[in-house]
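Single-structure report; data block below.
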Amino acid sequence: MALKSKILFSIVTLFFITVGCKKNDGQLSSDPKDRYTLEQSELRPFFQKHPEFKPYQKDLEALYAKHANKMIWYDKDGRVDFAEVLFDQTAQLESEGVPVSLPYKSEFDDIFEMRDTKKPSPEDDLMISAMYFFYAKKAISGVDTKQSRSTGWFLPRDKVSYVAYLDTLLKSPDLIKEKDAERFSQYNNLRKALEKYRAIEQKGGWQTIAFSKGKKAFKKGDSDPVIGQVRKRLALSGDLKSDSGSAVFDQELSDAITTFEARRHREFSGIDSDLVADLNIPISERIKTIVVNMERCRWIPSDFEKNKEYVFVNIPEFHLNYVKDSKTALESNVVVGEELNKTVVFSGKMSYLVFAPYWNIPKSIVKKEILPGIEKDKNYLSKHHMEYYNNGRNIRQKPGDENSLGLVKFMFPNTNNIYLHDTPAKALFNKEERALSHGCVRVQKAKELANLILKDDKNWTSEKIDEAMHAKDQTQYSLNRKIPVYLAYFTAWADEHGNVAFFDDIYSRDKRLAGLLYKN
């Protein structure tokens, strides 16, 4: 079942638990004689009166054509139960991270307030249908593929026919009983975070902490009013159980800061200007960031969490997760593309590994870096363990400890020419901001990743892998399965309790996406 279908099925399940059925079976009658007729000619005046629903005109036309121009939400026994579910859910759009108001809300409300006192009109049925498409495309699928790509997102998205989707729900409500009715888990986690942060905002948010950029960092044992302000701020966000009011940097505060920093994969460094700058970001901005990332969750393909094995890189987090047997087997810091050479957000299938790889240097790098080096020093190539190949038309770097790709690379063939690889520049992983590569992803624990990927392959042992990595010649090995690789872009990531970590928007994509969401 597609992810989008699962979402609404779970909604309907909740409704049946909490609300009694209006009709005997809650379903739309399959007998056309029991259903009211709605002429296609009635659609035009409806859209003239409700222009905000114009984007869904083709959907409505297809829906009613499929139902032989019969009403969707009413038959002779009354209104179908699913209409009540939809009504309840549209009232919760804000909690779903949809930052737009419901169009024609008073008119929509009136339909449900007049439950049994008037005969249903074609306009009532059209209104509910239009609201269904509005809700589905805002809360379930999000902005369209063209718009998501405009923000740099090229991961594949599910193709959903909401006409067929609604038709399935109306005809087969028993599908709501299916157990596998879960959203992408990160969506639910961020929803909890959104609820928490909105509650903080309603209570007034947090105050700005006064701390100049050049000020000396506070360490454990220090006492200062700023320390008390940091304590209060961390208590508000739930990183401290309560605010003791103390201005002393004690163990409790130290533990809270350590936990806060660990969510961002950062080391504890006391109370410094970087920490305070992060804590000072307004609650309204944090809420907007959560909303933006809930939208990205809607774009994740439905088979993502069904994979028992995959590699997931969150670019702004500078972090890689390797999942095997549905459990996290390895986490590693990574280096990603710099601003001018952004790592592309897309997915692929890892099919082979290369040990002791040559680095076939891209022509853009040859032109920008290598040729100027040769002009200054005729021994540039030999000093950097490089050579001409392909009859002198290209340059590559020889295998070895100095090779820019390190000792192993992980290949998932793609038109972006992006892959995962080791690196000799280990010191880069000590930096907090690691958007430093030409676009590929450098993996700190590359050797460990290779060992885990080949763990169950009888052709390899840890010793043999180490030998291949340090060999003088390149070795390519095809895997016995293809491993999904996802390169994603999330600037907010929450755990199951709604504790959220925020990451710098290194490619400045949040603002553009927020503009689309709040505009639409």
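Glycine is no exception: its Cβ is also placed from the backbone N, Cα and C atoms.
Here TrEMBL flags 309-468 as domain 'L,D-TPase catalytic'.
Annotation comment: TrEMBL describes H421 as active site, proton donor/acceptor. DSSP assigns H421 (active site, proton donor/acceptor) to a strand.
Taking Cβ-Cβ distances under 8 Å and a sequence separation of 6 or more, the neighbours of C440 (active site, nucleophile) in its chain are G337, T343, I418, Y419, L420, H421. Summarising the annotation, TrEMBL assigns active site, nucleophile to C440.
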Query raised in the report: What is the number of other Cβ atoms found within 10 Å of the Cβ of H421 (active site, proton donor/acceptor)?
Result: 22
Query raised in the report: In terms of DSSP three-state secondary structure, what is the assignment for C440 (active site, nucleophile)?
Result: coil
